[in-house]
Amino acid sequence: METKDMMMTSMLTMDKGENEGERDKEREDMGGEDDGTQRENGRLMLADGLADRGPKSMTSGSGQQVSNGFTTSTPQSPRESPGTAACAAGTASGPGGGTGSSAPLGGLRTLMVQQTSLDRPRETWSKKMDFLLSVIGYAVDLGNVWRFPYICYQNGGGAFLLPYLLMAVFGGVPLFYMELALGQFHRSGCISIWKHICPIFKGIGFAICIIALYVAFYYNTIMAWALYYLLSSFRPTLPWSTCTNPWNTANCNRYMSSDHNVSWSNTSTSPAEEFYTRQVLQVHLSPGLHELGSISWQLALCLLFIFTIVYFSIWKGVKTSGKVVWVTATFPYLVLLILLIRGATLPGAWRGVVFYLKPDWEKLLSTTVWIDAAAQIFFSLGPGFGVLLAFASYNPFHNNCYKDALVTSSVNCLTSFLSGFVIFTVLGYMAEMRQQNVDAVAKDAGPSLLFIIYAEAIANMPAATFFAIIFFLMIIMLGLDSTFAGLEGVITAMLDEFPHLLVKRREWFVFGLVCVCYLGALSTLTYGGAYVVKLFEEYATGPAVITVVLLEVIAVSWFYGTNRFCNDVQVMLGFYPGCFWRVCWVAICPCFLLFIIISFLAFPPEVRLFEYQYPPWTTVLGYCIGVSSFICVPAYMVYHLLNAKGTFKQRLLKSITPVPSGDSHRDFIVTNAV
């Protein structure tokens with residue numbers, strides 16, 4: 001598809017009656033559309049003044065130059081359709097040159113010609129709620145359920161909420177808002193958007209796509225584990241509640257609440273732990289990363305089913321995924337509410353809640369607490385994965401993304417807090433059963449917290465089968481939302497970058513992408529696959545995506561310019577971002593991200609899973625995987641400078657000069673005609 005810009009300036013001599021006749025004829029030629037009807041490929045608009053047309057007036061001195069290179073008047077009204085600028089009526093002047101609310105006969109007329117495009121119109125969300133639920137579903141993922149409660153009690157309980165909220169207000173939410181505004185204004189994915197911001201940083205978009213693929217390689221495997229649990233739940237006795245199964249060992253200790261004569265020792269293993277490690281993962285068949293073993297065909301089939309659901313949910317775009325999230329984003333909240341009520345009625349639940357929220361203010365003096373708070377809010381809200389840019393690019397141009405950012409980030413943080421009660425009421429119950437302290441029960445973090453501790457607690461409840469089914473359904477749906485979003489970020493980026501090649505072949509491109517993700521995930525389906533998942537989680541995504549977002553903030557705030565970006569927001573929303581947001585974007589957010597990066601390098605995580613201690617060579621491997629995505633940024637900078645024309649100074653200047661965003665908006669030429 002080629003874009004043609006057709007601009008006309010005419011001198012019209014007509015009286016009032018002739019003008020009305022011309023306008024009627026135009027309406028007939030345009031298929032009977034009235035003045036308020038949107039036409040994507042342009043229209044000729046004749047304005048007679050406020051009395052005839054009704055919109056806001058545009059005077060010659062009121063134009064404002066915005067960063068996309070177009071001249072606009074005051075922001076458009078919210079009721080106007082996306083992609084078209086306000087049909088700002090020209091003022092009609094009488095013989096004396098005065099301006100009136102209606103045009104007298106024989107007065108000046110304003111001819112307004114819209115710049116047109118032959119591009120196919122961009123897809124949009126069917127409803128506003130489709131967008132909000134998609135963003136909430138993306139932000140609220142498995143990390144909210146297993147990571148936040150663990151990080152919270154480990155870092156001072158209720159005292160941790162203070163650094164968490166501070167990091168959210170000054171770091172997480174401003175980044176969240178910035179990405180939504182960028183995507184909505186430029187209406188582009190994470191690759192092509194950089195030509196409108198700072199072309200030399202285009203490598204950030206390619207790095208984001210590679211990181212999203214790495215996430216897809218391991219994240220969906222966790223859903224495959226949950227699906228295995230779900231299928232195993234459709235029986236009267238849950239298989240992880242007994243020690244009489246073929247995979248159980250002599251150390252298996254069935255410690256039900258009714259078995260008061262059974263003692264729990266340090267060498268004891270629960271049936272839930274053995275089901276997870278020896279039946280689902282089968283890690284006992286792999287000595288480590290150097291020998292992963294064979295692929296588990298059961299998990300391979302489970303993952304194939306997960307990716308089949310993913311494909312048919314996103315293959316047609318946001319029109320289909322926007323409908324699916326009405327189930328996948330809302331069902332987890334229903335389950336969390338049910339589990340919270342059930343957990344609150346269990347004996348010992350109060351012990352878990354006290355342990356969860358009891359503040360330990362001395363821990364706030366430790367830098368580890370602040371590092372964990374910053375990392376948790378960053379990965380929870382999820383800027384930097386290209387998802388927010390992609391989702392916002394399908395919004396109407398005047399959608400209030402500021403309000404959306406506040407609402408969705410607040411929902412995300414509150415969900416994390418609520419999940420803590422759901423988890424710790426059950427941990428208090430387990431501690432009561434085993435006559436142990438809560439910290440002894442809650443020693444496991446990550447997936448083990450869900451698949452061992454929580455699964456065992458469910459097995460001890462009345463109606464265990466019902467609670468197991470809805471719990472693992474919730475885990476799957478929490479993961480599906482994030483997978484939809486992550487892959488949609490890649491798809492939108494590639495379709496916007498290569499529209500002539502991919503737009504008409506979206507279904508085949510999505511099919512190929514899903515196949516690549518499935519093949520890349522095969523290593524996580526082996527007997528040692530859990531070790532691979534842990535390696536990807538620790539090294540492949542975390543440091544790389546934080547570095548990418550740091551460069552993104554620097555490019556937008558320092559190269560593109562905060563004032564220019566704020567002007568863009570004003571054109572969209574009708575108000576200029578306040579001083580707080582500008583200071584956050586320029587200084588606080590870069591410091592926030594730099595703090596996380598430096599702390600990660602200064603205190604590298606000690607990677608350990610079950611009894612397996614990761615050897616030093618795996619750390620080198622992990623960093624290589626992380627650098628493999630980030631290397632796109634400097635590589636593209638060199639490529640861009642080598643391919644540009646002119647002297648080095650001219651090349652450098654051109655590489656940091658944004659290209660006007662012609663696809664997002666429409667230009668007008670306004671001429672007062674006699």
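Cβ from N, Cα, C; glycine included.
Unlike curated entries, TrEMBL annotations are predicted automatically.
Feature annotations, courtesy of TrEMBL:
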BINDING   Gly137, Ala139, Val140, Asn144, Ser380, Asn412, Leu478, Asp481, Ser482  Na(+) binding site
COMPBIAS  15-42  compositional bias 'Basic and acidic residues'
COMPBIAS  57-79  compositional bias 'Polar residues'
COMPBIAS  82-92  compositional bias 'Low complexity'
DISULFID  Cys243-Cys252  disulfide bond
REGION    1-106  region 'Disordered'
TRANSMEM  131-149  transmembrane segment
TRANSMEM  161-182  transmembrane segment
TRANSMEM  203-231  transmembrane segment
TRANSMEM  295-312  transmembrane segment
TRANSMEM  324-350  transmembrane segment
TRANSMEM  370-394  transmembrane segment
TRANSMEM  406-431  transmembrane segment
TRANSMEM  451-478  transmembrane segment
TRANSMEM  508-533  transmembrane segment
TRANSMEM  539-560  transmembrane segment
TRANSMEM  580-600  transmembrane segment
TRANSMEM  620-642  transmembrane segment
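In sequence order, Ala329, Pro332, Val411, Asn412, Thr415, Leu478, Asp481 are the residues near Val140 (Na(+) binding site), counting only same-chain partners six or more apart with C-beta under 8 A. For the pair formed by Gly137 (Na(+) binding site) and Cys252 (disulfide bond), distance between Cα atoms is given as 38 Å, rounded to the nearest Å.
For the binding-site residues Ser380, Ser482, counting C-beta atoms within 10 A of each C-beta gives the highest total at Ser482. Across 203-231, 406-431, 539-560, the stretch most heavily in contact with the transmembrane segment (508-533), judged by Cβ pairs under 8 Å, is 203-231. Here the recorded positions are Cys243, Cys252, Leu478, and the one ringed by the most other CB atoms within 10 angstroms is Leu478. Within 10 Å of the C-beta atom of Gly137 (Na(+) binding site) sit 26 other C-beta atoms, taking all shown protein chains into account. Within 8 A of the CB centroid of the Na(+) site residues Gly137, Ala139, Val140, Asn144, Ser380, Asn412, Leu478, Asp481, Ser482, the other residues of that chain are Ile136, Tyr138, Asp141, Gly143, Gly382, Thr415. The stretches the transmembrane segment (580-600) and the transmembrane segment (161-182) are in mutual contact, each linked to the other by at least three Cβ pairs under 8 Å (pairs 6 or more apart in sequence). When each of 203-231, 295-312, 324-350, 406-431 is scored by its Cβ pairs under 8 Å to the transmembrane segment (131-149), the top-ranked stretch turns out to be 406-431. Counting only the Cα atoms, the space from Cys252 (disulfide bond) to Ser482 (Na(+) binding site) is about 36 angstrom. With respect to Cβ pairs under 8 Å, the transmembrane segment (324-350) is most closely packed against 406-431, considering the stretches 161-182, 203-231, 370-394, 406-431, 539-560. Highest Cβ contact count with the transmembrane segment (370-394) among the listed stretches 161-182, 203-231, 295-312, 406-431, 539-560 falls to 161-182 (criterion: pairs under 8 Å).
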